[in-house]
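K.L.:
First the structure, which I've put down as structure tokens, then a few questions once you've had a look.
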Amino acid sequence: MGNLEKLTPMMKQYMGIKEKYKDAILLFRLGDFYEAFFEDAEIISKVLNIVLTKRQNAPMAGIPYHALDNYLKKLVESGYKVAICEQMEDASQAKGIVKREVTRVITPGTIIEDELLSNDNNYLMAVIFDEKYVSAFIDVSTGELFLKSFDTFLEFVDFVKISSISQVICSKELFDKLKEEIPHLFVEELDEWYFQGYEEKIKETYGLFSIEHLEITELEKKVLGALFKYLEYTLMENKPPQKPKRLEGSKYMILDSKTVENLSLIPGEKGKNLFDILNKTKTSMGARLLKKWILQPLKEKKEILERQKLVEAFYNDHLLLNEVREYLSGVYDLERILTRLGYGKVSPKDLVSLKRSLYLVPSIKDALRTNENLVSFAQSLNEFNEVVGILEKALYDEPSNAPGDGNVIKGGYSVELDDYRNLLFHSEEKLKEFQESEREKTGIQKLRVGFNQVFGYYIEVPKGQVKNVPDYYIRKQTLVNSERYITQELKEFEEKIMSAREKVELIEKSLFEELKQKLSEYIDGLRNLAQKLSELDAISNLAMVARLYGYTKPKFTGGEFYVKNARHAVVERYVSDFVANDIYMDDRRRMYIVTGPNMSGKSTYIRQVGLIAVMAQIGSFVPADDAEIPIFDRVFTRMGARDDISTGKSTFLIEMSEVALILEKATKKSLVLLDEVGRGTSTFDGISIAWAMSEYIYNEIGCETMFATHFTELTELSDVYEGIKNLTIEVRETNNGVVFLHKVVEGIADRSYGIEVAQIAGVPDGVVERAKEILDIISQKSELEKKVRVLKEGQLKKIKSKKKIPEGQLSLFEVGDIE
């Protein structure tokens, strides 16, 4: 970076600040631009596609201050930490070099600026390891703060993958593991001091003498302290977030990342998903809450029924539903507005949005009170008429983006501001009024008020009228035909006009700061209201979707899973003639082996079973004519097959790792959905594993299971075990080929129709005909059927010990890292 002695004072200042923020791109304010130098300049030039120049032979690139947000978004999305260095004084007023300080460090997990955020949650997570993984994670934009612990690294990583975690901060020993496991995640290693003095940091942040009442463990204190220190470092503030909430696994159905992906629950690589189908919310808050519900279905029947009852109330009252949703469409993102208020970074437009949202609360409450099932919810919505009054009195309805130009604080709020604003905007009119007043007082009709650069404002009186000049006039200049005077009032008026712009800026900014302080007293109550409005939005949304798509209210049973004419909530939206199918499972039908050709709908059928279970437990109605559903503690899926190139794991290894997780973690109350397990290895190995796994799930776990497979040999299990049944997909053969009817019926697929599917896909006729010849030969010589018969007759050893694999057996069913 060159010899420091040869640098200008400004560049020395830059180097000193950069030394403190080595790991960040430093954007250094110079007038109307933010400049970057040296390596930072080369990076932003490349990422932002802007010109790279030089200053004192140092690479330099700059961005206009008014376009900062657009460029920041690109830098952060590209995985960079950015430090914003501002000028702390007016360059024209500075004595020597302008004072500059870093006012903000922006990382993927510490964004509060609306322009840089999507509507989704954006979590920053701190994590430590001491026998288990303990985490604290916060959405800085909404203030939500959670604590969660994990027994294994696999569980921790799984949670991170599905939970809108955009950044993880951790100790050195976890850094490498996380970067290897989730390469695209922004992970930052923290120095050891972040994890020290944590109890004092928590007390300081919340302004408490004691934190015993928070009921958090020592490890949770440690990780919270680190999180709060990091927030202070990036936001330059030590503002208290919401009190931490512990995410209790016992309250929610567990959905691992593979299940979330396989069932297409939320937006991801696969495109069409349940969230997009269900999400017709009116507010960003409601959309975020709906996504949380989908990822954390309820497990307590009482809580499910309470939510379902509210959904049903709206479902049965479409006029009320439409009215409430119309009101909600006028509610802004209060969670994020209130967080910006808490950090002192709220804008005038934010506060007007808050006011407009609060205006709607009384109307929403009145509407809800018309339905007896919603009266209690209406009572939980607190009105903030005092806040509305404060904002109505203080702010214009269409204020500027920032205070200081005189177009934010409403007229009548401050006499002093009004006076200076009147001078600034109406000085000519004021001078005319002053001139007319002086003419009336003196009787000098030709008296006029003028201005020049030497004397400023003056009163000019013709020579013939000088005798009428009052004593308080002070002579300043004698001309040939007139005399010029000033008065104390005119001098004060001049001083006001000359300083009016500066005064308007200072006073309006000061009043806006006072307003923010006054409103901050209401933040906790307003956050509770925001939470209630987001719940109202999510609940009424589920009712609207249920009416729109013809869903039915599910009943909850002790164990029977019966759904009449069940449909796949996502697929049916994109297929004009979707074929509905029944689901029927109980103790006598605990496991289904589902066979049928490719493209027949096996995978769609078993996936819709999982989707209906999830939808029911978030309190939603479900796509069916009738539904009786048990409450599941977890939904497991094992579907598809692909290599993981990034970790070097083969298809079969990944498949067996997922199978191992199911066999270890599933309980009698779980739902297991399997699709083509065993396809990643040889036919004999695949059938052996699939058979043994099916027996283990049936005998040792005893949960409800659907297993879609091309191994028709597995259908023989139904002759061995009373509770295993077979399903297949109807196919009609015609002269023109095969027609897949997508209707699920009891029975076994007589063949896979793979060659017919190949023909439909456009495989050349010669290849198709040769395939038919080979199939005839292989079918005649196969001894697999004979061997399966031996299996069925009881020659295969049964797994005897529940939840335990016999010692010495190949450790396919052990969870953990597989070398």
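Note that Cβ sites are derived from N, Cα and C of the backbone, with glycine treated the same way.
Quick paste of what Swiss-Prot says about this protein:
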BINDING   GLY596, PRO597, ASN598, MET599, SER600, GLY601, LYS602, SER603  ATP binding site
K.L.:
Using the Cβ centroid of GLY596, PRO597, ASN598, MET599, SER600, GLY601, LYS602, SER603 as the reference point for the ATP site, which residues of the same chain not in that list have Cβ within 8 Å?
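P.N.:
Neighbours within 8 Å of the Cβ centroid, excluding GLY596, PRO597, ASN598, MET599, SER600, GLY601, LYS602, SER603: ILE729, PHE740.
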K.L.:
Taking the Cβ of SER600 (ATP binding site) as centre, how many other Cβ atoms lie within 10 Å?
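P.N.:
If we count other Cβ atoms within 10 Å of SER600 (ATP binding site), we arrive at 26.
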K.L.:
Please determine which of the binding-site residues listed here (GLY596, PRO597, GLY601) has the lowest count of neighbouring CB atoms within 10 Å.
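P.N.:
Fewest other Cβ atoms within 10 Å, among the binding-site residues GLY596, PRO597, GLY601, is found for PRO597.
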K.L.:
Taking the Cβ of LYS602 (ATP binding site) as reference, which residues of that chain separated by at least 6 in sequence fall under 8 Å from it?
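P.N.:
When sequence neighbours closer than 6 are ignored, LYS602 (ATP binding site) has VAL594, THR595, GLY596, ASP675, ALA708, ILE729 within Cβ distance under 8 Å.
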